[in-house]
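Shown next, in structure tokens, is the structure this report addresses.
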Amino acid sequence: MKKIAVIGTGYVGLVSGTCFAEIGNKVVCCDIDESKIRSLKNGVIPIYEPGLADLVEKNVLDQRLTFTNDIPSAIRASDIIYIAVGTPMSKTGEADLTYVKAAAKTIGEHLNGYKVIVNKSTVPVGTGKLVQSIVQKASKGRYSFDVVSNPEFLREGSAIHDTMNMERAVIGSTSHKAAAIIEELHQPFHAPVIKTNLESAEMIKYAANAFLATKISFINDIANICERVGADVSKVADGVGLDSRIGRKFLKAGIGFGGSCFPKDTTALLQIAKSAGYPFKLIEAVIETNEKQRVHIVDKLLTVMGSVKGRTISVLGLAFKPNTNDVRSAPALDIIPMLQQLGAHVKAYDPIAIPEASAILGEQVEYYTDVYAAMEDTDACLILTDWPEVKEMELVKVKTLLKQPVIIDGRNLFSLEEMQAAGYIYHSIGRPAVRGTEPSDKYFPGLPLEELAKDLGSVNL
């Protein structure tokens, strides 16, 4: 059994700490945020993640998991210290290491013996050595320690499963002793272990996320071409993805990636490349495609409706993906303001992310936790998040709620055949449009194309 302190009780810290406790370690999760620790002690989990609340409760009852604001005491009582604080994107696009530096300084000031200090946060190449120098200076060389990079690869919405069934453990360190300690810690996960130096471990996380983001932007560019040549991107993706060299994952066309990782990490990697004097044109294009994809779905809506001024639009999905309340870089946070700039009123649905989204979007949006209520008496519907409740909508019922049977689907949830049979005007991503049983100009008198371009050109992304 290892004694572990996890500094930072955000998404990564809380999930990692809880899973380390689950495999039999003594874990204390600590944070400077007193209200967050108070909530955790009272059994209130600050993030939504399937299975996390039950696992926290179980390990608290088994006395393997505790929470505290007393970070110095947690440091002194532990053998392994994980840094799992936020690394938000700075104004220049680089990762902001303010919290990492502060954690390293605190660790150095309270060392009382040999410790293994582990960076779990996603950090730029060179951060491990920076942490090492900060701890060394703050501790005044009184005690020995080692620094390890051990990046996380969990996905929001399936983080517990991803941690307990991890596909690999990456351990970066110049110390064989420290690497062996962290490798032993990961043995119960039965995952392949990759041992390397600090720099390579730090780069692995960025490279992995950038590659996945590249697959998403690639299939979205293919989807946009498919729309112009009459191809169906879902069939194209199937045909491409069955090639074992490529794989089917992350080849689902849509409105682009969001969340706390891909947008931040692709931008940070671009800055790392620039700092190293390398023009990373591929990642520049990945980011550009992702940003344009959000405008593309609004363009589709304008193509059907001519104008949304004075119209009410229902938006289904505020979280960046299902099974999370995370709205960081969520498509909805860009698309809803675009609709408002174009003069539309928005009724938005999300089962769990309304508190987080409303704090950003404000009170000009009507919010609903009932998917049907969000669509009642609206002129068109935009699907932005593939929540199960959206996938399972009764299309016959939806048609009675909408003023016009118009659905713009950013997640390709429905087959073209069922939408045609149900009589919808249905536009999705990278697939032929369904015109419905009535021409769209029955509902929307068309505007000249130059007017559509003028409307869309006025939108600020």
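Glycine residues also receive a Cβ, built from the backbone N, Cα and C atoms like all the rest.
Of all the Cβ atoms in the protein chains shown, 23 others lie within 10 Å of the Cβ of ASP31 (NAD(+) binding site). In the three-state DSSP reading, ASP31 (NAD(+) binding site) counts as coil. Here Swiss-Prot flags 3-20, ASP31, LYS36, THR122, GLU156, LYS264, ARG328 as NAD(+) binding site.
If you look up Swiss-Prot, you'll see GLU152, PHE153, LEU154, ARG155, GLU156, LYS205, ASN209, PHE250, LEU251, LYS252, ALA253, GLY254, GLY258, LYS321 marked as substrate binding site. DSSP assigns ASN209 (substrate binding site) to a helix in the three-state reduction.
For CYS261 (active site, nucleophile), the number of other Cβ atoms no farther than 10 Å from its own Cβ, over all displayed protein chains, is 27. Among the features that Swiss-Prot reports, active site, nucleophile is placed at CYS261.
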Report task. State which of the following binding-site residues has the fewest other Cβ atoms within 10 Å around its Cβ: VAL15, LEU154. Result -> LEU154
Query - Lowest local Cβ density (other Cβ within 10 Å) among binding-site residues: VAL6, VAL12, LEU251, ALA253 - result: LEU251
Requested in this report: Name the secondary structure element type, per DSSP in three states, that contains THR9 (NAD(+) binding site).
Outcome: coil
Requested in this report: Using only the Cα atoms of GLU152, PHE153, LEU154, ARG155, GLU156, LYS205, ASN209, PHE250, LEU251, LYS252, ALA253, GLY254, GLY258, LYS321, which the record gives as binding substrate, return the largest interatomic distance in Å, rounded to a whole number.
Outcome: 26
Report summary line: Least surrounded, by Cβ count within 10 Å, of the binding-site residues THR9, THR18, ASN209 is ASN209
Report summary line: In three-state DSSP terms, GLU152 (substrate binding site) is classed as coil
